[in-house]
Structures are given as C-alpha cells and as structure tokens.
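Asks: Handing you this structure, nothing more for now.
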Amino acid sequence: MFWTRYAGASILLFFMLIRLGQLYPRNDMNNFGCEECKLKENNIFSKPGAPVYQCMGCCFSRAYPTPLRSKKTMLVPKNITSEATCCVAKEVKRVLVNDVKLVNHTDCHCSTCYYHKS
C-alpha cells in the first residue's frame, strides 16, 4: 500500500515539474541579456545623414578541461581550455567624419577573437 502511494506521488510530482518547465519561454538562457551579433549605429561618430555602424552583440564561448594528451604538448600546461568567437566585421568601408578616419562596418559575423591571440 505504501509503495503505491509513493509511486503515485512521484508520478504526480514528475508531471508537475514537466508542466512547470513548459511555462517558461523557450529562449536560449546562455545569451540572456546579450543580443545576437549585428550592426548597430554608433551614436558618438554618427551625424545626421552620415551614420557610422559597428558590429555589436554576442557569439559563443565555452571552457572545458584540457585533454591529457593536449596538455603534454603545451609549453605551459593549462588545466582549462577555452574557445570563443567574437562579433567582428565581415566587410568594412573607410569613411572620413570631422577629419577623423573611421572604419564603417557594413556586415557582421561571428569569427575568431583576434584580441585573445598573443
């Protein structure tokens, strides 16, 4: 008799948890608070009739334990390996705004993070 109640309560709890999970929106919580990689107007350098755009937004990054065979080949062994892609300009156009040479981004994509390279 006890096991029947226990099994029934477990099944009821399971279905309640499934229902609760369905109430939340199905968006990617990894990028919460960070928009996708796209062009946005730069308010500092833009002038009326001459907007200046730059790439802004998030791409992916992850970290994981370094495999032992990779660790053996490193000059300075590290326990954690990380990978990342950054929001960078795919195409650019050089412009002159108030005698300042600027690079106006015309297209964006997620690619290698150059500032991480050393």
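Each residue's number is its place along the chain shown, starting with 1.
Placement of Cβ uses the backbone N, Cα and C atoms for every residue, glycine included.
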Asks: Based on what Swiss-Prot records, which one of Cys55, Cys58, Cys59 is disulphide-bonded to Cys34?
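Replies: Swiss-Prot annotates a disulfide bond between Cys34 and Cys58.
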Asks: Between Cys55, Cys59, which residue forms the disulfide that Swiss-Prot gives for Cys108?
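Replies: Among Cys55, Cys59, the cysteine that Swiss-Prot links to Cys108 by a disulfide bond is Cys55.
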Asks: Which residue in the list Cys110, Cys113 does Swiss-Prot annotate as forming a disulfide bond with Cys59?
Replies: Cys110
Asks: Taking Cys37 as one end of a disulfide recorded in Swiss-Prot, give the other end from among Cys87, Cys113.
Replies: Cys87
Asks: Since the record lists Asn79, Asn104 as glycosylation sites, which of them has the fewest other Cβ atoms within 10 Å of its Cβ?
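Replies: Across Asn79, Asn104, these glycosylation sites, the one with fewest Cβ atoms within 10 Å is Asn79.
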Asks: Where Cys34 (disulfide bond) and Cys59 (disulfide bond) are concerned, what is their Cα separation in Å, rounded?
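Replies: Cα to Cα, Cys34 (disulfide bond) and Cys59 (disulfide bond) are separated by 9 Å.
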Asks: Quick one: Cα separation, Cys55 (disulfide bond) versus Cys86 (disulfide bond), in Å?
Replies: 10
Asks: For the disulfide-bonded residues listed here, Cys37, Cys59, Cys108, which shows the highest count of neighbouring CB atoms within 10 A?
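Replies: Of the disulfide-bonded residues Cys37, Cys59, Cys108, the highest Cβ count within 10 Å belongs to Cys108.
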